[in-house]
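Written below as structure tokens is the structure these notes are about.
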Amino acid sequence: MFKYIGDIVKGTGTQLRSLVMVFGHGFRKRDTLQYPEEPVYLPPRYRGRIVLTRDPDGEERCVACNLCAVACPVGCISLQKAETEDGRWYPDFFRINFSRCIFCGLCEEACPTTAIQLTPDFEMAEFKRQDLVYEKEDLLISGPGKNPDYNFYRVAGMAIAGKPKGSAQNEAEPINVKSLLP
């Protein structure tokens, strides 16, 4: 009999403790954000959707070197190289499957031209998986992104069609490395 009364008192105490806890949570700051109405705080280095940027001249920065596709651990990037009349490389097609992408940022680190950049955009929900495959036209933005003054071909140099190397203005003659051998 005493055990029965003790169990009732213990159960009542548990219920009262739960009510006090629920009542106390009603006056505290909420832990949950009402997402669409309230903006979400993103850290400065947040890695979201991938974009392709342009150089200061307005051309595509991507030179189709394929380093991003090799660095991708899940293989969600595919591209094919093409060449313009002046010898500049560009991707004929550039495709990213965002249903496989883990947003690790290795493609951004591997890119020598800073063409691939990760943005803080994370709202990419789709009803069909095929809609998560982005083509080059979907990825290209109109601006230079994080590095506005960098132009890969200005830094790396590019041969001018019809002229031998070393004959351009302010350019030194190329060194024949085979003549340096003993």
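Glycine too: its Cβ is placed from the backbone N, Cα and C atoms.
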Please state which member of CYS104, CYS111 Swiss-Prot lists alongside CYS62, CYS65, CYS68 for binding [4Fe-4S] cluster 1.
CYS111
Indicate the candidate from CYS62, CYS68, CYS104, CYS111 with the smallest number of other Cβ atoms within 10 Å of its Cβ, considering only these binding-site residues.
CYS104
Name the one residue among CYS101, CYS104, CYS107 whose Cα is closest in three-dimensional space to that of CYS68 ([4Fe-4S] cluster 1 binding site); these are the binding-site residues.
CYS107
Minimum Cα separation from CYS62 ([4Fe-4S] cluster 1 binding site), reported as the residue among binding-site residues CYS72, CYS101, CYS104, CYS107 that achieves it:
CYS107
In whole Å, how far does the CA atom of CYS111 ([4Fe-4S] cluster 1 binding site) lie from that of CYS72 ([4Fe-4S] cluster 2 binding site)?
11
What same-chain residues, at least 6 away in sequence, bring their CB to under 8 Å of the CB of CYS72 ([4Fe-4S] cluster 2 binding site)?
LEU106, CYS107
Residues flanking the [4Fe-4S] cluster 1 site, with Cβ no more than 8 Å from the Cβ centroid of CYS62, CYS65, CYS68, CYS111 and excluding those residues themselves:
VAL63, ALA64, ASN66, LEU67, LEU79, CYS107, ALA110, PRO112, THR113, ALA115, ILE116
